[in-house]
Amino acid sequence: MLRIPVRKALVGLSKSPKGCVRTTATAASNLIEVFVDGQSVMVEPGTTVLQACEKVGMQIPRFCYHERLSVAGNCRMCLVEIEKAPKVVAACAMPVMKGWNILTNSEKSKKAREGVMEFLLANHPLDCPICDQGGECDLQDQSMMFGNDRSRFLEGKRAVEDKNIGPLVKTIMTRCIQCTRCIRFASEIAGVDDLGTTGRGNDMQVGTYIEKMFMSELSGNIIDICPVGALTSKPYAFTARPWETRKTESIDVMDAVGSNIVVSTRTGEVMRILPRMHEDINEXWISDKTRFAYDGLKRQRLTEPMVRNEKGLLTYTSWEDALSRVAGMLQSFQGKDVAAIAGGLVDAEALVALKDLLNRVDSDTLCTEEVFPTAGAGTDLRSNYLLNTTIAGVEEADVVLLVGTNPRFEAPLFNARIRKSWLHNDLKVALIGSPVDLTYTYDHLGDSPKILQDIASGSHPFSQVLKEAKKPMVVLGSSALQRNDGAAILAAVSSIAQKIRMTSGVTGDWKVMNILHRIASQVAALDLGYKPGVEAIRKNPPKVLFLLGADGGCITRQDLPKDCFIIYQGHHGDVGAPIADVILPGAAYTEKSATYVNTEGRAQQTKVAVTPPGLAREDWKIIRALSEIAGMTLPYDTLDQVRNRLEEVSPNLVRYDDIEGANYFQQANELSKLVNQQLLADPLVPPQLTIKDFYMTDSISRASQTMAKCVKAVTEGAQAVEEPSIC
C-alpha cells in the first residue's frame, strides 16, 4: 500500500499528538499580519484563509473541508473575497499572504456562495421530511444561512441508484454532493481504499465501483462526516429525530481503549451511539462495534432474579428469595471454599464491592477471566501492565514493534493512531506474530516468540533499528499473554524495553514498554488486587463460586465439583448464566454511573442514560444488599461512599481523565529476570485475525442482531470471492 500524499502545506499540518490539523509553531517574529473583515490577526506562515478566519471567530461555510482530512477544495462553498484580488478564492485551500484583507461578507462573497448553493440544490432531491439527516444536516443549515430563497432550475433532477455497502451504512446517493469526505476518510483514516468516484461532471458518482461491502472496522464514521443525508445509519433509519432524543455523555466498554461517546435515548431506549471528542483517546472517531452493537442491550437481557429448582430448571423468583439463598451459602462456607471471577464488562465499583464481600468471609480468591503473568514483576508494579506511552503518545514515536497483537481489531482507535503517525510522521512499524492487514505497511519479522530473544541479545537486524530510534515503542498484546509461556514472553519484552532505554537515544520520560489490553475491566481489576486468570480456582475448586459478569467461558461446570453453588450476576443470558444456580440481574454500562479504566490507566465514568430493564439493579447495590442479608454489611450506602472506598484501595481509580506517570521500569526488568520459563516454538496468533472476528466478542455484541448481520455479510462476501461464478 502506498502512502497517501496529503497536502500538508495547504492545511498547515504539524506532527502533534493532540490533533491532525495544527499550524506549525514558529517564533513570534515570523508571524504575519492579515485582516479579516478589517480585524487584525497574527498567524503563522502556511495558515489557510479559513483557519485565519476561525482564529477571530468567523465561521466560513464549508462542505468538503474537514479538519482531520486532507484538503480537497471541490465544494467551493467556502469562497471568500480577497481585497484587490481579481477573483474569489477557496478559503480552505488558499494560504494567506502578508497584509491580505479577507472579506467574508462582501457582496461578491455572498453572491459566490449563493451561486454554489443554487447549483448544489439543483440536483438535490429536497426530501428533508423523510431524510434521517434532518435536523443535523449541514446542507439544511447552510442553505438557510447562505442560500437564495428561490431557484431558477426548471429541468428534471438527476437521480442515482443507491449502493449496497453493507448492513451498517445506508446510501441514498441521489442526495450526494460529491464532497469526497467519505472517500478521504476511507483512504486516510480507515486505510481502506474501497470508496471512490466514477464518471465526471453531472455523471460523477461516489461508490465502490463494483457492489461490495465497505470492509472497515471504522466504517460508521462516514455517517458522521457526511454533510448531507447520502450516508446514514441503517439500524437507526426512521427511528427518531435528533431533537426528540436525550443525549448523555458516557464512555464505551466494547474494548479497553475507553472511547468517549454520546448515548442518545428516547422513552427509556438507546436509539443510537455517537462519538464524543477526546483528543487523547479516540479523537472524533469510534469503532463500528461501539456505534452499532447497542441493539444487544435490549436482547437476551436478564430482567428478574432466577433460581434453579428441584428439577434443575431456572425459574423466576423474588429478590428476597434469591439474595437469601446466596446469603445462606456465604454463611455456610468460608475462606478458600468461596471464590469469584470478574468478567470483561464489570465496573470498578462492583469489583471493589465484591472484593470487600469476599474478604468478609476470609476469601481472597478473586480472579479475572483474562490471564496476566504473575511471575517476575507481575501485577505488583502498575507500569508492568499499562500502555505507558499512552494512546496519543504513538504520534511522537518513530519506531513501533507490535508483539502478538492485531490492534486493528483489538483496539481500532489505537490502530488508527498508528496509521495516522505512519502516514504523517513516517513511523516505522514491525510485527512479531501472524501476518495481518493493519492498513499500513510494516516489517513482518516472523511469528515465533523466540525472535524476542534474538532482539534482546542484539543478534537480530531489527535490534539496530530500535537502538537508533529516539522514541521507540514496544507494544505487547494481552492476547499473547494467555499462552502457557506468557510469563516468558512478558519477561523477554521487558528485557528488550530495558535494553533499548540503556543503549538507544531514548531520553527524558519516554516509556518503551506497553501492554495493549482487550477488555474494559482488566486494568481496574488488577489495580484492585484481583488475580489474573482462573488457574487458582481450577487447582482448588470452591464450594461457592460468584461469577460477576463472567461470560468468557473461562470455566465450565465440568471444571467444578457437582455440589459447587454458582451465582451469576450480570446483564445478559450469555455463557455464564446457564450454569448458575442463582441469577442476579445487573445493569449494563448505559444504565449506571460507573468507573472504568482504559489500557493506558485512565479512569473514566459512564453515566446513566436509561434505567435497567425489569428488576435489574446496579451491581454494587446488589452486592451491598447481599452483604446486609448475610449479616456482613458493607460500609457504604451511596455511590460517593463506594468511590471513597475505591480511593482508599487505589487512589488513581477516582482521578478521572488523568494518567498517573508510570515508573519502576528498571525494577520490573530486574524482577523479570527471575522468571523461570522457556519460550515455546508455537507461533504468536492473535484471536482476532480478520474483521469477522471483530464484531462479536462479548455478551452485548453477541446479543446484537446488527453485529450478527455484519458477520453474515463478511462471510458471504468472502465466499463470493473464493467461489466466483462461472458465466
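Here the Cβ of each residue, glycine as well, is placed from N, Cα and C on the backbone.
As recorded in Swiss-Prot:
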- CYS64, CYS75, CYS78, CYS92: [2Fe-2S] cluster binding site (BINDING)
- HIS124, CYS128, CYS131, CYS137: [4Fe-4S] cluster 1 binding site (BINDING)
- CYS176, CYS179, CYS182, CYS226: [4Fe-4S] cluster 2 binding site (BINDING)
- 30-108: domain '2Fe-2S ferredoxin-type' (DOMAIN)
- 108-147: domain '4Fe-4S His(Cys)3-ligated-type' (DOMAIN)
- 245-301: domain '4Fe-4S Mo/W bis-MGD-type' (DOMAIN)
- LYS84: N6-acetyllysine (MOD_RES)
- LYS467: N6-acetyllysine (MOD_RES)
- LYS499: N6-acetyllysine (MOD_RES)
- LYS709: N6-acetyllysine (MOD_RES)
- 1-23: transit peptide (TRANSIT)
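Structural mapping of features recorded in Swiss-Prot.
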{"residue": "CYS64", "record": "[2Fe-2S] cluster binding site", "Cβ contacts under 8 Å, 6 or more apart": "ALA72, GLY73, ASN74, CYS75, MET77, CYS92, CYS179, THR180, ARG181"}
{"residue": "LYS84", "record": "N6-acetyllysine", "Cβ contacts under 8 Å, 6 or more apart": "none"}
{"residue": "HIS124", "record": "[4Fe-4S] cluster 1 binding site", "Cβ contacts under 8 Å, 6 or more apart": "LEU139, LYS157, THR174, ARG175, ILE177, VAL228"}
{"residue": "CYS137", "record": "[4Fe-4S] cluster 1 binding site", "Cβ contacts under 8 Å, 6 or more apart": "CYS128, CYS131, PRO227, VAL228, GLY229"}
{"residue": "CYS182", "record": "[4Fe-4S] cluster 2 binding site", "Cβ contacts under 8 Å, 6 or more apart": "LEU195, VAL206, ILE222, ILE225, CYS226, LEU231"}
{"residue": "LYS467", "record": "N6-acetyllysine", "Cβ contacts under 8 Å, 6 or more apart": "ILE500, THR503, SER504"}
{"residue": "LYS499", "record": "N6-acetyllysine", "Cβ contacts under 8 Å, 6 or more apart": "ALA456, GLY458"}
{"residue": "LYS709", "record": "N6-acetyllysine", "Cβ contacts under 8 Å, 6 or more apart": "PRO167"}
Applying the rule Cβ within 8 Å of the centroid of the Cβ atoms of CYS64, CYS75, CYS78, CYS92, what extra residues of the same chain belong around the [2Fe-2S] cluster site?
ARG62, PHE63, TYR65, ALA72, GLY73, ASN74, ARG76, MET77, ALA90, ALA91, ALA93, CYS179
8 Å Cβ shell about CYS176, CYS179, CYS182, CYS226 centroid, [4Fe-4S] cluster 2 site members excluded:
ILE177, GLN178, THR180, ARG181, VAL206, ILE222, ILE225, PRO227, VAL228, ALA230, LEU231
Do you know offhand how many angstrom separate CYS176 ([4Fe-4S] cluster 2 binding site) and CYS78 ([2Fe-2S] cluster binding site) by C-alpha?
18
For LYS467 (N6-acetyllysine), name the DSSP secondary structure in the helix/strand/coil scheme.
helix
Within its own chain, what residues at least 6 apart in sequence put their Cβ under 8 Å from the Cβ of CYS78 ([2Fe-2S] cluster binding site), listed in sequence order?
LEU50, ILE60, PRO61, ARG62, TYR65, ALA90, ALA91, CYS92
HIS124, CYS128, CYS131, CYS137 excluded, remaining Cβ within 8 Å of their centroid ([4Fe-4S] cluster 1):
PRO125, LEU126, ASP127, GLN133, GLY134, LEU139, GLN140, ARG175, VAL228, GLY229
Once the chains shown are all counted, how many other Cβ atoms turn up within 10 Å of the Cβ of CYS131 ([4Fe-4S] cluster 1 binding site)?
19
Considering the binding-site residues CYS92, CYS128, CYS176, which residue's Cβ sits among the greatest number of other Cβ atoms within 10 Å?
CYS92
Pull the DSSP breakdown for the domain '4Fe-4S His(Cys)3-ligated-type' (108-147) and write it out as helix, strand, coil residue counts.
27 helix, 0 strand, 13 coil
